[in-house]
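Database features (Swiss-Prot):
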DISULFID  Cys31-Cys81  disulfide bond
DISULFID  Cys35-Cys53  disulfide bond
DISULFID  Cys39-Cys63  disulfide bond
DISULFID  Cys43-Cys65  disulfide bond
DOMAIN    21-82  domain 'LCN-type CS-alpha/beta'
SIGNAL    1-19  signal peptide
Amino acid sequence: MNYLVMISLALLLMIGVESVRDGYIVYPHNCVYHCIPSCDGLCKENGATSGSCGYIIKVGIACWCKDLPENVPIYDRSYKCYR
């Protein structure tokens, strides 16, 4: 039984798992995309399953994306937007 678990874990690590996450999509400088024209289209173009408008305190209305790939940057509250 333990061998089966170890083999399954090894296969999972070898195959690799593409993880996804939800978040506010941003430009490379941690500046959010605002909800005009459409968040759903923007999010889907970047590999998400869907998108909608959300609100961030001190930032305003921004695009919230569901199931974004790891390579797409999302909003990080610890960094400010700079252009």
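Quick reminder: no glycine exception, Cβ is built from N, Cα and C everywhere.
Not measured: the values here are computed from a predicted model.
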Smallest Cα-Cα separation from Cys35 (disulfide bond) among the disulfide-bonded residues Cys43, Cys63, Cys81 is shown by Cys63
Reported as an integer number of Å, what is the Cα distance between Cys43 (disulfide bond) and Cys81 (disulfide bond)? 20
Among Cys39, Cys53, Cys63, i.e. the disulfide-bonded residues, the one with its Cα nearest that of Cys81 (disulfide bond) is Cys63
Which of Cys31, Cys39, Cys63, Cys81, the listed disulfide-bonded residues, has fewest other Cβ atoms within 10 Å: Cys81
Cα distance (Å, whole number) from Cys53 (disulfide bond) to Cys63 (disulfide bond): 5
Neighbours of Cys39 (disulfide bond) among disulfide-bonded residues Cys31, Cys53, Cys65 (C-alpha cutoff 10 angstroms), in sequence order, are Cys53, Cys65
What's the CA-CA gap between Cys53 (disulfide bond) and Cys65 (disulfide bond) in angstrom, rounded? 9
